[in-house]
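**Q** Pulled the feature table from Swiss-Prot, pasting it below:
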- Arg43: L-glutamate binding site (BINDING)
- Ala77, Arg78, Trp103, Thr153, Asp173, Gln196: pyridoxal 5'-phosphate binding site (BINDING)
- Lys197: N6-(pyridoxal phosphate)lysine (MOD_RES)
Amino acid sequence: MNSRVFNFGAGPAMLPEEILKEAQEEFLNWRNTGMSILEIGHRTPEIISLLSTAEQSLRELLNIPKNYHVLFLGGAARTQFAMIPMNLLRPGDDAAYFITGIWSKMAYHEANLLKKAYYLSSEEKEGFVSIPDYQKWELKSNTAYVYYTPNETINGVRFPYVPKTGGVPLVADMTSCLLSEPININQYGLIFAGAQKNIANAGLTVVIIHEELLKNQPEPVIPTMLNYKNHAEHRSLYATPPVFNCYLASKMFEWIKTQGGIEGLFQRNCLKAAKLYQYLDSTDFYLTPVFKEARSIMNICFSLCYPDLEHKFLDMANERGLKALKGHRFTGGLRASLYNAMPMAGVDALIEFMSEFAKENG
């Protein structure tokens with residue numbers, strides 16, 4: 001009997017069952033080494049080959065040019081909130097931030113602790129339910145980079161466009177959207193993403209950075225573990241990388257190719273999100289706060305018109321195998337995350353349950 005459930009959690013997220021089974025089969029004896037992937041030294045030929053293969057697969061999926069470095073770094077994506085200003089801001093520089101949700105707000109405050117940052121737009125007063133109007137902002141002349149979060153995981157808000165910066169490097173936190181939709185790498189100076197949404201398990205952060213941003217490092221000297229140039233020169237092997245995460249990521253990259261690539265997954269993701277939003281818009285029992293033009297494809301936030309029924313909703317959903325639908329602690333409410341590994345069957349099961357719950361409790 002298959003005991004797998006539909007995990008709608010914002011991260012760690014659902015992984016394809018076939019990848020989990022492959023990892024299970026290989027766990028005790030990886031590539032006939034007689035060792036688990038967890039036991040093999042990170043400077044062995046096997047692991048160096050694994051990292052090289054993972055990087056090449058990611059480059060193929062995203063069409064990453066040669067003048068960009070791909071880094072596989074250990075730790076939380078939140079570390080990048082500090083690494084970015086430390087590496088990219090020189091004395092006298094400013095950084096510009098779009099504050100469109102909780103994560104971009106945190107990144108802005110971290111940058112301000114370390115260096116000098118200002119915000120181009122803040123949607124907080126309206127409750128983080130919208131995106132700033134296209135190109136209605138003005139950059140300071142000393143702006144070293146522009147930072148934005150294309151998809152706000154907590155608030156369920158998505159940029160429907162890529163901000164124009166007039167040649168100033170664009171930095172993007174793509175933790176919850178990298179590999180879910182096509183992007184043009186050349187539009188960005190730096191992209192980073194925590195792995196626990198669409199890439200692998202928690203503990204790995206992928207960084208894609210243009211080589212020009214590694215030059216003219218600011219003073220004082222950046223600590224070596226927080227220095228992008230150092231990690232690039234050592235090909236992500238300056239310290240022990242999160243090998244198992246990279247192993248799963250490599251499998252995920254290959255899996256994406258079998259799903260029609262990123263374009264194929266994007267079409268599927270759009271259909272999944274559209275189906276759930278269509279249901280939400282058809283009933284007064286559920287409320288969706290985000291403006292339609294700013295709705296996330298990955299993270300669908302909603303609430304009940306009777307908030308006191310929320311615990312009952314979650315308990316009954318759990319019994320039906322619909323897990324992790326509780327919203328973030330900062331926002332409350334409910335949230336269904338529809339990452340790459342979530343099948344349409346999961347969306348159908350959720351809508352069926354929500355419809356039944358509304359009829360019984362409306």
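Placement of Cβ uses the backbone N, Cα and C atoms for every residue, glycine included.
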**Q** Measuring Cα to Cα, tell me the gap between Ala77 (pyridoxal 5'-phosphate binding site) and Arg43 (L-glutamate binding site) in whole angstrom.
**A** 24
**Q** Reported as an integer number of Å, what is the Cα distance between Lys197 (N6-(pyridoxal phosphate)lysine) and Asp173 (pyridoxal 5'-phosphate binding site)?
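**A** One finds 13 Å between the Cα atoms of these residues.
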**Q** Taking only same-chain residues 6+ apart in sequence, whose CB is under 8 Å from that of Trp103 (pyridoxal 5'-phosphate binding site), what do you get?
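**A** For Trp103 (pyridoxal 5'-phosphate binding site), the qualifying residues are Thr149, Glu152, Thr153, Ile154, Asp173, Thr175.
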**Q** Pick the one among the recorded positions Arg78, Lys197 whose Cβ has the fewest other Cβ atoms within 10 Å in this structure.
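**A** Among the recorded positions Arg78, Lys197, the sparsest Cβ neighbourhood within 10 Å belongs to Arg78.
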**Q** Neighbours of the pyridoxal 5'-phosphate site Ala77, Arg78, Trp103, Thr153, Asp173, Gln196: Cβ within 8 Å of the Cβ centroid, same chain, sequence order.
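**A** Sorted by sequence, the hits are Gly11, Ala76, Thr175, Ser176, Ala193, Gly194.
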**Q** What Cα-Cα separation, expressed in whole Å, is found between Arg43 (L-glutamate binding site) and Arg78 (pyridoxal 5'-phosphate binding site)?
**A** 27
**Q** Any idea which of the binding-site residues Arg43, Thr153, Asp173 has the thinnest Cβ neighbourhood at 10 Å?
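**A** Across Arg43, Thr153, Asp173, these binding-site residues, the one with fewest Cβ atoms within 10 Å is Arg43.
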